Amino acid sequence: MDQTKPPRRNPLAFTPWPVTLITAVVYLAFVIPLLVIHHVVPSAPTSSPDGLNITEAWNDLQVLTAGYRPYNSRQNDKIHDWLLHRINEILGAAPPATTDEKKPDVFVFDDTRSNLTFARDNLAVYFEGTNILVYIRGEDDDQEQWWELPEGSPKGKGGVLVNAHYDSVSTGYGATDDGVGVVTCLQLVKYFTTPKNAPRKGLVVLFNNGEEDFLNGARVYSQHPLSRFPHTFLNLEGAGAGGRAVLFRSSDAEVAASYMRSKHPFGSVLGSDGFKAGLIRSQTDYVVFEGDMGLRGLDVAFLEPRARYHTDQDDTRHTSKDSLWHMLSTAVATTEDLVSDTSDRFDGPARNDHKIASGTGHQAVWFDLYGSTFVLFRLHTLFALSVTLLVVAPIVLLLTSIILTKVDKMYLFRTSIRPEGSLEVLPLYGDRGVIRYPFLLGIPTAVTIGLAYLLTKFNPYIVHSSQYAVWSMMVSVWIFLAWFVSRVADFARPSAFHRVYTLTWTFVVMWVLQVIATVYQDRWALGGSYFIFFAYAGTFLATWISYLELFALPRKSEYANHLRPVSRHASSHSSRRGLSEEDEEDEDEAPTESTSLLGSRQRTTFANYVRVNADTADLSDSEEHTQDVNVYGLEQRWSASLPKWLWLLQFLLAAPIVLILVGPIALLLTGSLHQTGQDGSSSLFIYIAIVALTTLLLSPMLPFVHRCTYHIPLFMLAVFAGTLIYNLVAFPFSDSNRLKLFFIQEVDLDTGLNTASLTGVQPFVHDVAVGLPSAAGQNVTCGPFGDRFKCSWTGIPPHVLTEDKPVEEWLSFEVSRSIDKPRHAQLQISGQNTRACKVVFDSPIKNFHVAGSAYDPRFPHTYAKGIKEIRLWSRVWDNTWTVDVEWFNPDSSSDHSKTSGSLTGQVVCLWSDYNQPGTIPALDEVRQYGPAWIGVSKLADGLVEGRKSFEIA
């Protein structure tokens, strides 16, 4: 057959245009839907399902978010009363029982009795709750009202708890934090009191108050008798302002299985690992229910955008009915599955003393696929599969290599071959491309890391508003450099083994990553590395196919014998050249009209060396002009036997699985972290995370990128140039992506001096502070405050009392030292128009007691190293707290001993009600005169703190 006759074009061949088009189409086909799903919330139904009313829920949300409702505000009391009214309305409108369907019994508890003292590290809290509980009795529940008995306890299987908190921060309307959760709970009451939806197991719906100020409401719930009934829970939260509700924590696989009922699942176990590893520092009521009380449950929350979280943009204008429906539908589906479960999997020995006997489950791995399918399996299953594949995959590749060697088809790593019965050495060039991978991977990755440091130095917060500009910059330069390096390598040393060597290197790297991931799975129960396992499996299969592909090659001995019958001219020419590509050039043929303008088929490299197809050096003059059309370019002649379409199978094994699993993680991680720099988190971390994710997402194209045409890489170069300039010079904040600054005003009630301050990142916080009218002409002082800077100035005096009184009357306290007990004293503290005060000690105290307080061994109220601060919360206004304290012996060897027996500190009261204009003029001023690109949030529990000093001699 005439090898010079061009074959019919194969649309799947490993040639530039098919590779370019297929690679681009596959990446776009998987990435675009991910972006759409991440940013577009499923539409709410036009008509409400039976037992639910979306319009009613939206109207409730508008009422709920009419004002700021922190625990320490009058608006909070109004919402408490409104919730009781709405619950009674819903129960009154519930459909009546029928002959076939029984209406469940419902009990509403307005808990104005429970209180608790607890401590965490050197901070102690006394809290009086105003939680509202709705108990919908299940068909299988104990029919007695056991909670009314002095020692009453529930019988039978445990129930289900659904929780949302109805308080908000003092600077935010709390539409998603946690208004959507609250109205979802109201709809759950409506749904499960409909006779046909009556639960098998009892349901407790908790509207807790005080979450924003240290998870106080959830902790005090533990003191209600009904808290002993639920064994599982669903916590509804918000740490953003819209979008999809994300499942970001689950205690085990068994309870996570109930989430599978959700029509639009969304989330990854990687979020749970972030909490375990301490990367996410904020907490929700989940840690109280699961960690302190021993329940097993789920944490579902809105996570982005963080710029609106805890600000006045967390309102109904910036969320939607679609977001409301996403959380509501998820809650209904999950709760319905939990209350229908009659198995014993949520019953068993308590994990610790005094905790709920809910048994133990199995660590879980979960993630969603394109927002429609929920994948769930146990962590030990992932561990077993990981260990198995870590052992099996290298063995399979090793055995395949041995078989290839046995059948004389192992061309890999072979530079030459000596034909049998001959002293002549013939080149194979099978080692070409073996060391390319470190450069292919290392150069693009190193450059993107350099860009991460460049942005951190010159414009660290650009990711706050322009995360996709950062992504575009990283992706475009990575693609261009990977293509450029591979093309240079392919130009200088063309090799048909580029794919197999690159895949082999990738396999080795993935094997190392899988070892690390498996160790973390075993030691720290972190399942977020699941994507590494699947990527490793895909890489292994693609690599194995490359090795199996070698069986299509001729035996090396046969190939060598094919090369032997050459002319003496070729032999002498070959011996002159040896095996090096850098030997002298062939003598140029005489030019004719048909001669190429470049002269023969040789090419000159950048070092002025001749680029020659090595195999043509071993051919006779006649054979040299008969190039096999099945050989691509100047690659090795034996590559003509390799299949031309297997690359597509390898690409489909390696790339899509990475895009499907790593893509959502990249979007979720970016969405939840790109605006955390304003909170003091490292900007470099998010940039390095983007670099790592870019490398993971694009590395599957490395075995194939050298075949791509120049069109897309050059376009990527243009994109890189534009985005680099933008990312370096653009202002990082905007009206829709505001910088969050944190406000507090501190008043010295002994002297009347007040200091207003803003806390945030430099230089922006200073620029905002000095631009305020009241700060004009003042020396605005800025200094480090944790990971941020705090800028202070003398502010406009606040008006936090309902009537004008001297500041020294805002709070009062009396101190009396015990006569018969050394180092004991009693403080009586009262604040005007507030129900929150605290005592801050200059040195830690040993012990304390608040009159009327309850104690619970699950919540220790002391700390071995002493207590520095006691926070006091009352459900009534203008309350007087009585606090007995004991401090350390100054003569003891304790680290906290003082040189004298005195105790010093400050009594502080808080004011957080910002619903009336003019109450806190300094905050009004920041909002009125601050630039449009800032948002204001609270720095501490109170917007205004008034303090007086004390000394107990």
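Our numbering is plain: 1 for the first residue shown, then up by one each step along the chain.
The backbone N, Cα and C atoms fix where each Cβ goes, glycine too.
Residues or ranges marked as compositional bias 'Acidic residues' in Swiss-Prot: 581-591.
Among the features that Swiss-Prot reports, N-linked glycosylation site is placed at ASN53 (among others). Secondary structure from DSSP puts ASN53 (N-linked glycosylation site) in coil. There are 17 other Cβ atoms within 10 Å of the Cβ belonging to ASN53 (N-linked glycosylation site).
Sequence annotations record features per position, and here Swiss-Prot assigns N-linked glycosylation site to ASN115 (among others) based on sequence analysis. Packing around ASN115 (N-linked glycosylation site) is summarised by its Cβ count: 18 other Cβ atoms lie within 10 angstroms of its Cβ, all protein chains included.
In the three-state DSSP scheme, ASN779 (N-linked glycosylation site) falls into the coil class. Remark: ASN779 (N-linked glycosylation site) has TRP793 as non-local neighbours, by Cβ distance under 8 Å and separation of at least 6 in sequence. Residues or ranges marked as N-linked glycosylation site by Swiss-Prot on the basis of sequence analysis: ASN779 (among others).
Summarising the annotation, Swiss-Prot assigns site 'Transition state stabilizer' to TYR309 and lists similarity to another entry as the type of evidence. Under the three-state DSSP scheme, TYR309 (site 'Transition state stabilizer') falls in the coil class. Cβ neighbours within 10 Å of TYR309 (site 'Transition state stabilizer'), excluding its own Cβ and spanning all shown chains: 25.
Residues or ranges marked as topological domain 'Cytoplasmic' in Swiss-Prot: 1-16 (among others).
Residues annotated as topological domain 'Vacuolar' in Swiss-Prot: 38-382 (among others).
Feature annotation from Swiss-Prot assigns topological domain 'Cytoplasmic' to 404-437 (among others). Residues 485-486, 489, 493-495, 497-498, 500-502, 505-506, 547, 550-551, 553-557, 559-561, 563-564, 571, 579, 614-615, 617-618, 636, 638, 702 of the same chain lie 6 or more positions beyond the ends of the topological domain 'Cytoplasmic' (404-437) yet place their CB under 8 Å from a CB of it.
Non-local neighbours of the topological domain 'Vacuolar' (459-464) in the same chain are 307, 470, 674-675, 677-678, 683-684, 686-687, 690, 727-730, 732-733, 737, 739, 761; each lies 6+ residues outside the stretch with a CB under 8 Å from one of its CB atoms. The topological domain 'Vacuolar' annotation in Swiss-Prot covers 459-464 (among others) and rests on similarity to another entry.
Long-range neighbours of the topological domain 'Cytoplasmic' (486-499) within the same chain, counting only residues 6 or more positions beyond its ends whose Cβ lies under 8 Å from a Cβ of the stretch, are 14, 411-412, 429-430, 432-434, 436, 439-440, 546, 581, 603, 605-606, 611, 613, 631-636, 638-639, 642, 647, 650, 702-706. According to Swiss-Prot, the feature topological domain 'Cytoplasmic' maps to 486-499 (among others), an assignment based on similarity to another entry.
In the predicted structure, the topological domain 'Vacuolar' (521-524) carries a mean pLDDT of 95. Per Swiss-Prot, topological domain 'Vacuolar' is recorded for 521-524 (among others).
Look at Swiss-Prot and you will find 546-650 (among others) tagged as topological domain 'Cytoplasmic'.
Marked as topological domain 'Vacuolar' by Swiss-Prot on the basis of similarity to another entry: 672-684 (among others). According to DSSP, the topological domain 'Vacuolar' (672-684) comprises 7 helix, 0 strand, 6 coil.
Annotation comment: Swiss-Prot describes 706-711 (among others) as topological domain 'Cytoplasmic', evidence class similarity to another entry.
As annotated by Swiss-Prot, topological domain 'Vacuolar' applies to 733-953 (among others).
Per Swiss-Prot, the feature transmembrane segment maps to 17-37 (among others); the stated evidence is sequence analysis. Tertiary neighbourhood of the transmembrane segment (17-37): same-chain residues 10-11, 370-371, 647-648, 651-652, 655-656, 659-660, 663-664, 667, 701, 704-705, 707-709, 711-712, selected by CB-CB distance under 8 Å and a gap of 6+ residues from either end.
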Exercise. How many whole Å apart are the CA atoms of ASN115 (N-linked glycosylation site) and TYR309 (site 'Transition state stabilizer')?
Worked result: 29
Exercise. Taking contact to mean three or more C-beta pairs under 8 angstroms, with sequence separation of 6 or more, is the transmembrane segment (438-458) in contact with the transmembrane segment (712-732)?
Worked result: yes
Exercise. Have the transmembrane segment (712-732) and the transmembrane segment (651-671) got at least three CB pairs under 8 Å, pairs 6 or more apart in sequence?
Worked result: no
For this session: Work out how many Å separate TYR309 (site 'Transition state stabilizer') and ASN53 (N-linked glycosylation site) at their Cα atoms, rounded off.
Result: 27
Exercise. The transmembrane segment (651-671) and the transmembrane segment (525-545): do they have three or more Cβ pairs under 8 Å, with pairs 6 or more apart in sequence?
Worked result: yes
Exercise. Going along the chain, which residues at least six beyond the ends of the transmembrane segment (500-520) come within the CB cut-off of under 8 Å?
Worked result: 383, 386-387, 389-390, 393-394, 397, 412, 433-434, 436-438, 440-441, 526, 529, 532-533, 535-536, 539-540, 542-543, 546-547, 549-550, 650, 654, 699-700, 702-703
Exercise. Which numbers of helix, strand and coil residues does DSSP report for the topological domain 'Vacuolar' (521-524)?
Worked result: 4 helix, 0 strand, 0 coil
For this session: Would you mind listing the long-range same-chain contacts of the topological domain 'Vacuolar' (521-524), meaning Cβ under 8 Å and 6+ residues beyond its ends?
Result: 276-277, 379, 382-383, 386
